[in-house]
């Protein structure tokens, strides 16, 4: 259904997802139990060592989550945060669990919080000037294991807006393409590019406090994408379906969503457009 679904789950079994889910605390600190693991090249002459503090929680041994330190030589690592995670998993700690797939900012699988900002690990460069980088799961989501969060509610909200073309007029010729002008096609720019990574929704305070009732920036952006599509004939019904004080109007245009989007989209702008159509 969504591009993020193709991201493979590294190091855990899908059958344990539902039972292993746990909510990541809004605020927490590492404990004295955190371990420090050094690369074999650590301390070597001419090395450029950097510490990565990574959120760890294992459903098979439940307890308080902690930050675990890993030190790697940046001279022996790719430039992106995902490169560091893959290096840690392949060479230092195979138990580290995270999602990833395309490595090109297309699938949205590797969304996580890096130094306090949501983003894609494959598009986030390692900051050379900082001695440490802290990596945690997307905030206010149920954690399955380590950096893997449960996306079930997020995808259900996306599904609820019926993200597909709906027609009332039967096609004159079966399977015939429904055309639209270049001008109408251009109206979809800034919406169709969404990769459903959830960086925007999990950066939104309104979504944090109303995750079951507020649809969130991503789902509402897609709602406007179909509301704005000249080929769709259910505009009125789509607007009525989300005309709700919680589904739509929990958005207070804080615009954390726009700042977090790795594709440079502005969900807040699209939500404002929906509100204007509701008047």
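Each position is counted from 1, following the chain as shown.
Using N, Cα and C of the backbone, Cβ positions are placed for all residues, glycine too.
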> Can you tell which of 77, 122 Swiss-Prot lists as binding [2Fe-2S] cluster with 102, 107?
Replying inline: 122
> Per Swiss-Prot, which one of 251, 261 shares the [4Fe-4S] cluster site with 194, 197, 200?
Replying inline: 261
>> For the [3Fe-4S] cluster site that Swiss-Prot describes with 251, 257, which of these is also annotated: 117, 204?
In response: 204
>> Fewest other C-beta atoms within 10 angstroms of its own C-beta: which of the binding-site residues 194, 197 fits that?
In response: 194
>> What residues elsewhere in the chain lie close to the domain '4Fe-4S ferredoxin-type' (184-214), defined as a C-beta under 8 angstroms and at least 6 residues from its ends?
In response: 2-4, 26, 105-109, 111, 118-120, 138-141, 149, 151, 153-155, 158, 221-222, 224-225, 228-230, 246-247, 250-252, 254, 256-263, 265-267, 269-270
> Where DSSP helix means H, G or I and strand means E or B, what are the helix, strand and coil counts for the domain '2Fe-2S ferredoxin-type' (52-141)?
Replying inline: 14 helix, 31 strand, 45 coil
> Going by C-alpha distance, which of the binding-site residues 107, 122, 209 is nearest to residue 194 ([4Fe-4S] cluster binding site)?
Replying inline: 107
> Which binding-site residues (102, 107, 122, 197, 200, 209) fall within 10 Å of residue 257 ([3Fe-4S] cluster binding site) by Cα distance?
Replying inline: 200
> In sequence order, which same-chain residues at least six apart have a C-beta under 8 angstroms from residue 122 ([2Fe-2S] cluster binding site)?
Replying inline: 80, 81, 82, 100, 102, 103, 104, 105, 110
